[in-house]
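Comments concern the structure below.
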C-alpha cells in the first residue's frame, strides 16, 4: 500500500512546497516593493514633472529649468508633501505589483531548473525577468496612469493648451474620472503598449544584470553566501540598467497617459515618438533622466535587499 501511495504523497509534498515558495515570494516581494516606493517616490515625482511639462512657446523658458529647479518649485508651491503626490495609487498596489513580479519570476525559475534548488544561468534569469515583465504590465498600466496624472497636474495646469485641465483630489478621483469620462475600464489601460515595451525588456535586463553581478561577486553560481553590501550594489546597478535601456519608452508612456482625452496631442506611441523627436530632438526623449537614475539605484538597492533578506528569513 505504501509503495502505491508514494507517488501521490510525493506529488502532494511537491505541491505544498511550491505553494510555500509562492507565499514566500509574495511576502518578500511586498516588503521589497514597499522599501523601493518609500525610497524612490520623490525622485519619480520630479521625473514625471519634467517628462510631462509642455514644450515652451518660442522665446519662452520651460516651466522647470532642470531637476533641482523642479524640486525647488514643488517644495515652494506644495511643500514636502508635493514630492509624494501620487504615492497613494502605487502604495495601494505595491504589494500586488511586486508580489506578482517576484512570484512569477520565481515560478519561471522553477520551470527552468534542471532539478530543485539548482542555480540558474544569467540567460535563464533574463527569460524569467521578461516573463515577469509581461505579467506586471497589466497591473502597472492603470497604476502608472493614476500616478502620472497626479504628479503632472501642477505642470500641466500652467499650459495654455490645458488651461481647463482636470484637477484631481486623489487616486480614487482620477480613477472615477477616467471610468466616467474616458472610456470606462479601457481608459485605465491607456498607454498599455509602451508600458509593456518598458516592463518586458527592462525586467529581462534588470534580473539578468542582477544575477550576473551576484555571480561575479560570489565567484560562481552559488550566491547564497553573499553579504548585504554585495546585494545592495547588485540591486542598485541592476535597477540602473533597467532605466538605461528603456527610458525613452517611459517618456512616451508618461506623455500618452497624461494626454488630454478630448483634445489629444498624440494618436499613439509612434506618433508621440515622432512628435517629441521633431519638436525637442533626442533630448526630449530623456527629459527627467537624471532624477530617474538618481532614484533607480538607491530604490532598487533597497528593493532587492529587502526582498532577499525577507525571503531568506522565511526559510
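From the backbone N, Cα and C atoms, a Cβ is placed for every residue, glycine too.
Now, the feature entries from TrEMBL:
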type: REPEAT; residues: 20-111; note: repeat 'Solcar'
type: REPEAT; residues: 120-216; note: repeat 'Solcar'
type: REPEAT; residues: 226-313; note: repeat 'Solcar'
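Secondary structure by DSSP for the repeat 'Solcar' (20-111): 74 helix, 0 strand, 18 coil. Summarising model confidence by region, the repeat 'Solcar' (226-313) averages a pLDDT of 92. For the repeat 'Solcar' (120-216), the number of residues in each DSSP class (helix H, G, I; strand E, B; coil) is 79 helix, 0 strand, 18 coil.
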